[in-house]
Structures are given as C-alpha cells and as structure tokens.
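Only one structure is covered here, and it is reproduced in the block below.
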Amino acid sequence: MKLRFGVTAAEKKAWIVFLVLLGLTAAVLIISAGLGQRFIPPWDVAKTFFGAGSKLDELMIMSFRMPRILTALCAGVCLAAAGAILQGLVRNPLASPDIIGITGGAAVAVVLLMMFFSDRSSSLTISLSWLPAAAFIGASAVGLIVYLLAYKNGASTFRLVLIGIGFSMSAQAMTTLLMIKGPIYRASQANVYITGSVYGSNWQHVKIAIILSVILLFICFVALKNMNIQVLGEDIAAGAGSAVQRNRFFLLLLSTALTGCAVSVAGTIGFVGLMAPHIARRLVGSSYGALLPASALIGALLVLTADIVGRTLFAPVEVPAGVFTAAIGAPYFIYLLYKTRNS
C-alpha cells in the first residue's frame with residue numbers, strides 16, 4: 001500500500017520505529033550519564049551537553065562517564081550490525097558473531113596481545129590502536145578458516161554454522177588456557193575483558209571506536225543491495241547476476257571487521273548480535289535498509305542498559321555488561337533453538 005508522496009506503509013512504520021529507537025537511545029544515554037556515586041539529574045546532564053552545566057558536572061560526565069557510555073554505544077552498534085549481516089548471509093536465525101566463533105577469535109588475539117604487551121600494573125606497553133588491529137586479525141583468521149572449511153562447491157550455510165560453533169568452543173578453551181598459563185595480574189585483566197566490560201574506557205578508546213564504526217557502517221550501507229540479494233538464496237542471487245561467493249566472502253569479512261571493532265574496545269559482550277537483529281526484524285521487517293539501522297540502535301540500547309544495570313544493581317561493585325547480556329541472551333538462544341527445532 002502506497003501513501004502520499006510515494007512512501008509505503010512499511011517505510012512509514014520503519015521511520016517511526018527508527019525515530020522511537022533513536023529517542024530511547026538518547027534517553028538511556030542521558031540517564032546513564034547521570035548515574036554513579038554522585039547522581040546528576042537528567043536536566044543537568046542535558047545542560048552540561050549544551051555547555052551550561054556546572055564545572056563539577058562537566059568533569060564527572062565528560063571525563064569519567066561519557067567515554068564508557070560512547071564505547072558501550074559503539075560496541076552495541078557494531079555487534080548488532082555484524083549479527084544482522086551474518087544472519088542474512090547464512091540464512092540462519094541462530095547465527096551471530098559469538099556463536100560461530102568470530103568473537104572468540106578476536107578475543108584470543110586481544111588476550112594474547114595483553115599477555116605479551118602489558119606490565120605489572122596491567123597497563124599496555126603499546127598503543128591502544130593495536131587492539132583493533134589484533135581483534136580484526138583474530139576475527140578475520142577464524143572467519144576465513146571457517147569459510148574455507150565450509151567451502152565445498154560453494155560455502156554451505158549449514159556447514160558455516162556447525163564449524164563456527166566448533167571454533168567458538170575452541171576459542172573459549174584457548175582463552176582460558178592463556179589465562180591459566182599467564183601471570184595472575186594479567187589473567188585478572190583478561191578475565192574482565194573476556195566477560196565483556198566497558199569499565200576503564202577512556203577517550204582514546206572512544207576515538208578508535210567511533211572512527212572504525214563510522215567507516216564500517218558506511219560500507220554496510222553501501223552494501224545494502226548485496227545483503228538483500230544474499231537473503232534470497234544462492235540460486236536466486238546467482239540468477240539476479242550477483243557474484244554469490246565473492247559477495248558472501250565480502251560480507252563475512254565486513255562482519256568480522258565490525259566484531260573486531262567491538263571486541264577491541266569492550267571485550268566479548270555476548271548475544272547482542274543474536275538478539276538485536278531478531279527484535280529489529282519483528283519491528284521493521286527483513287529489508288536491510290530498515291533492518292540494519294534498527295538492529296544497530298537496539299544493539300546500542302542493549303549494551304547501554306546492561307552497563308547501567310551492571311553499575312547500579314550491586315553498587316559499589318561493578319558487574320561487567322556482558323554478564324547481563326548473557327543472562328538475557330542465553331535463555332533467548334534456547335527459545336530460538338526450540339522454535340526452529342523442526343527447521
């Protein structure tokens with residue numbers, strides 16, 4: 001059904017959902033910026049953003065709280081976008097970066113970097129800019145190996161998922177082994193990291209996360225047509241003139257890059273890439289023009305909310321955001337397994 005000015009009812013609904021999600025994200029961001037040992041009311045947070053707040057509020061928000069908030073936002077966006085791409089790529093609702101091993105590969109690479117290039121104060125002895133590089137290399141290596149092992153007259157989506165799950169388990173074992181064999185002061189740092197936490201984020205983390213996120217999301221929107229074609233299946237995509245295997249490999253690489261970006265700044269926050277695309281698909285449908293931005297905003301909301309809960313529920317003790325996303329995501333994964341048991 002077309003409305004006036006050529007806008008379909010589905011497009012109008014997608015725009016409404018997008019604006020609501022954008023408003024919710026802004027609201028959660030403001031609430032998060034006000035929470036901590038010193039509570040700052042939302043209106044004072046808003047005044048601070050516009051340069052009219054007190055010096056103390058500005059110090060608390062801009063120096064200590066905003067870096068972790070923006071890091072959480074970027075991590076959620078990247079993980080959700082990666083999950084949306086993977087689910088369309090393999091046409092399997094259970095696909096996500098953490099389930100098929102991509103997140104695990106990134107985590108192993110980053111933990112290795114931490115083990116070899118950190119001092120007794122758990123501070124890195126190299127630039128933070130090496131973390132995204134290590135995460136991307138680890139994620140890409142696992143993604144490439146999974147793709148090659150699944151390739152037989154074309155990469156089978158079913159084999160991709162099965163082999164990916166095996167690599168995910170192997171990556172977890174490798175990370176645990178590194179923590180056991182490494183010095184205790186490095187193991188404790190790595191443990192917080194692999195649980196998924198934005199604690200200790202600074203503006204250098206934010207700079208890296210924002211630059212990489214913007215570049216990768218721009219590439220995602222350029223590749224929207226390829227994403228929509230891949231969802232149709234190999235035969236239809238090939239009939240439409242798409243280079244199926246080349247596009248599949250490119251989208252897998254894009255997903256690994258998004259995952260590497262998120263893991264490098266926030267650790268392995270699980271199940272965001274699984275849940276966000278499912279929720280978005282129910283709200284806006286399966287067209288990637290609407291699905292991708294909706295998934296990204298839902299992913300940001302999930303990680304921001306998990307970080308708020310982790311900071312406040314057991315205060316003054318902070319619980320990593322990944323603990324709460326896993327607490328929600330694991331039952332959701334079981335629900336999806338049950339729902340798709342006959343598929």
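The backbone N, Cα and C atoms fix where each Cβ goes, glycine too.
As recorded in Swiss-Prot:
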- 15-35: transmembrane segment (TRANSMEM)
- 69-89: transmembrane segment (TRANSMEM)
- 97-117: transmembrane segment (TRANSMEM)
- 130-150: transmembrane segment (TRANSMEM)
- 160-180: transmembrane segment (TRANSMEM)
- 204-224: transmembrane segment (TRANSMEM)
- 249-269: transmembrane segment (TRANSMEM)
- 289-309: transmembrane segment (TRANSMEM)
- 317-337: transmembrane segment (TRANSMEM)
- Query: So are the transmembrane segment (69-89) and the transmembrane segment (160-180) touching or not, going by 3+ C-beta pairs under 8 A with a sequence gap of 6 or more?
  - Reply: no
- Do the transmembrane segment (130-150) and the transmembrane segment (289-309) come close, with at least three CB pairs under 8 A (pairs 6 or more apart in sequence)? no
- Do any residues of this chain, six or more beyond the ends of the transmembrane segment (289-309), have a C-beta under 8 angstroms from a C-beta of it, and if so which? 10-11, 14, 17-18, 21-22, 24-25, 28-29, 31-32, 35, 68-69, 72-73, 75-81, 83-84, 198, 217, 220-221, 224, 227-228, 266, 269, 272-273, 275-277, 279-281, 283, 319, 321-325
- Note on the structure: Across 97-117, 160-180, 249-269, the most C-beta pairs under 8 Å with the transmembrane segment (204-224) come from 249-269
